[in-house]
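**Q** Quick paste from Swiss-Prot:
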type	residues	note
DOMAIN	1-141	domain 'Globin'
MOD_RES	8	phosphothreonine
MOD_RES	16	N6-acetyllysine
MOD_RES	16	N6-succinyllysine
MOD_RES	24	phosphotyrosine
MOD_RES	35	phosphoserine
MOD_RES	40	N6-succinyllysine
MOD_RES	49	phosphoserine
BINDING	58	O2 binding site
BINDING	87	heme b binding site
MOD_RES	108	phosphothreonine
MOD_RES	124	phosphoserine
MOD_RES	131	phosphoserine
MOD_RES	134	phosphothreonine
MOD_RES	137	phosphothreonine
């Protein structure tokens with residue numbers, strides 16, 4: 001459960017991401033594909049090379065979903081319901097992959113926002129991404 005301080009930290013950190021959200025989303029995906037090659041199996045139709053338009057496009061989708069979650073932090077299940085349905089019923093993404101992408105997102109944010117990425121912000125973002133992952137996998141049951 002996100003505390004009021006966590007919510008404040010997440011909103012402030014995501015605010016610093018600003019117009020770079022899509023870029024950071026794509027970078028996190030690239031990190032995931034390189035660090036955890038089995039995740040590539042969900043994207044057989046993508047050009048997974050560095051800077052590809054498809055990875056950039058999906059990175060923007062990831063970032064847009066996170067922006068939506070930040071904006072609806074008190075009601076993520078409702079806000080992310082359609083996305084949860086998509087990943088559970090159509091795409092059938094293994095839930096562990098959300099944890100892998102979350103880790104890569106944290107690394108990407110730490111690399112780009114070193115001054116803002118304090119231990120407290122790190123912990124808040126980790127809890128937030130875990131909450132998003134829980135929501136996205138809630139319809140698997």
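Each residue, glycine too, has its Cβ placed from N, Cα and C.
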**Q** How many other Cβ atoms are found within 10 Å of the Cβ atom of the residue listed as 'O2 binding site', counting all protein chains shown?
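**A** Summing over all protein chains shown, the residue listed as 'O2 binding site' has 17 other Cβ atoms within 10 Å.
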**Q** Given the modified residues 8, 24, 49, 137, find the one whose Cα is closest in space to the Cα of residue 124 (phosphoserine).
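**A** With Cα distances computed to residue 124 (phosphoserine), the winner among 8, 24, 49, 137 is 8.
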**Q** Could you give the Cα-Cα distance between residue 137 (phosphothreonine) and residue 87 (heme b binding site), in whole Å?
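**A** That comes out at 8 Å between the alpha carbons.
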**Q** Report, in whole Å, the straight Cα-to-Cα distance of residue 40 (N6-succinyllysine) from residue 131 (phosphoserine).
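**A** Between the alpha carbons of residue 131 (phosphoserine) and residue 40 (N6-succinyllysine) there are 24 Å.
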**Q** Sort out the sequence-distant neighbours of residue 87 (heme b binding site) for me: same chain, 6+ apart, CB within less than 8 Å of its CB, listed by position.
**A** 93, 136, 137
**Q** Quick one, of the modified residues 8, 49, 124, 131, 137, which Cβ has the fewest other Cβ within 10 Å?
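**A** Checked 8, 49, 124, 131, 137; of these modified residues, fewest Cβ neighbours within 10 Å: 49.
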**Q** Within the chain of residue 16 (N6-acetyllysine), which residues six or more apart in sequence place their C-beta under 8 angstroms from its C-beta?
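**A** In sequence order, 113, 116 meet the Cβ cut-off.
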**Q** Taking all residues of the domain 'Globin' (1-141) together, what is their mean pLDDT?
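**A** 94, rounded to a whole number.
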**Q** Which chain-mates of residue 108 (phosphothreonine) that are at least 6 residues away have a CB under 8 A from its CB, listed by sequence?
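**A** Non-local contacts for residue 108 (phosphothreonine): 24, 27, 28, 31.
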**Q** Of the recorded positions 40, 49, 58, 134, which one sits closest to residue 8 (phosphothreonine) when you measure Cα to Cα?
**A** 134
**Q** Tell me, by DSSP, whether residue 49 (phosphoserine) is helix, strand or coil?
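**A** Reduced to three states, the DSSP call for residue 49 (phosphoserine) is coil.
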